[in-house]
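Trainee: Supplied in structure tokens, the structure appears directly below.
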């Protein structure tokens, strides 16, 4: 059966396995994220504490992801990914147990968040680097990345919706238990794969030399450098707005867990629209231009959302903002994956992960503190303005990259 162009990566057995296992697991992951946020807000009623828990869960990524990338370039991506899935399953099980028996407080939640952050510091570079092994023809890699983004956003759409129902009826512990069980799917899918993994050349150099080589590689490429810097700025100043959604649900819209679930589900729907758009792009699309425009769409949507009092209109603008955000994330990931040499893949991706996920905890603290001392709508407005500024500053990069490519072609000729 001939697949439509938007689904071309599904022709590969390993990608189909990976997609199905991850789809189930990520629904559980999103359920856990929503349950943790709601649990912390019910315990503390503090925007700052929401930011602190987000900080605890992501600061290990900032600290360890560069090392993890160098590690992934030297060792089996498959074995590393399998290990992180088992470790994540154990973390979810511990969370379910302590909440079920009532022996928890904010400190325990923070410690378990730190544990998951350490696991994710190794999981994300290995997962992103693993993608190239799932498609035999590299020209189908952009479609595989886009379909993976679609799967992530579908999980983001379904996970919060299911979590909202279960939280109101049964409590947080059932969400953590379901996440624990969902890891069975991804572990089984990895075990059934038939991979043709290239042998790794033995490398006896100290890891810090590999880290420096990765940094130098990114610094020397204007496109890679600009995408990583833009990602860091957006992750620090704009993306952490999501930590304030429980406050919006309870304080701004005077709602409950159902309101919170609606905000997250509509965010997921917007992200799904962005993912579908990216899945329909042809290989060789102008990803840098897509990045610039999608940052502006995301940021303007966030500005309008910030002070919208009508809940229905707020959902519409939040959906538009998230469509722009997911498009920017997917286009950035695709650009990096398709412009990096294979021997540098793990390290370059780890620096991107550091910028994307590692800066968010610091941003979460900044955003939580600003919301505490001012107001939640004003804080989100400031985030949107910062995003517009970042997008406008990125536009001149398009010309620099074109000029750099012309110079490289001239040098080769």
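Here the Cβ of each residue, glycine as well, is placed from N, Cα and C on the backbone.
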Trainee: Quick check on the annotations: TrEMBL lists transmembrane segment for one of 198-222, 348-372. Which range is it?
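Mentor: Here TrEMBL associates transmembrane segment with the stretch 348-372.
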Trainee: If we call contact 3 or more Cβ pairs under 8 Å (sequence gap 6 or more), are the transmembrane segment (313-336) and the transmembrane segment (144-170) touching?
Mentor: yes
Trainee: Cβ under 8 Å to the transmembrane segment (80-100), counting only same-chain residues 6 or more beyond its ends: which ones?
Mentor: 25, 28, 32, 36, 39, 71-72, 108-109, 112, 115-116, 119-120, 122-123, 126-127, 130, 171-173, 176-177, 179-180, 183-184, 186-187, 190-191
Trainee: Sequence-remote contacts (6 or more beyond its ends) of the transmembrane segment (348-372), Cβ cut-off under 8 Å?
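Mentor: Here the qualifying positions are 46-52, 54-59, 61-63, 65-70, 72, 120-121, 124-125, 128-129, 214-215, 217-218, 224, 227-229, 231-232, 235-241, 243-244, 247, 329, 332-333, 336-337, 340, 378-379, 382-383.
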Trainee: State the non-local partners of the transmembrane segment (378-398) in its own chain: residues 6+ outside its ends, Cβ under 8 Å from one of its Cβ atoms.
Mentor: 222-223, 226, 230, 233-234, 237-238, 240-241, 244, 288-289, 291-293, 295-296, 298-303, 305-307, 367, 370-371
Trainee: Can you work out which residues elsewhere in the same chain, 6+ from the ends of the transmembrane segment (47-68), have a Cβ less than 8 Å from its Cβ atoms?
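Mentor: That would be 36-37, 40-41, 106, 109-111, 113-114, 116-118, 120-122, 124-126, 207, 211, 214, 240, 243-244, 246-247, 347, 350-351, 353-354, 357-362, 364-369, 371-372, 376.
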Trainee: Taking the transmembrane segment (287-307) as reference, which of 144-170, 176-193, 227-248, 260-280 has the most Cβ pairs under 8 angstroms?
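Mentor: It is 227-248 that shares the most Cβ pairs under 8 Å with the transmembrane segment (287-307).
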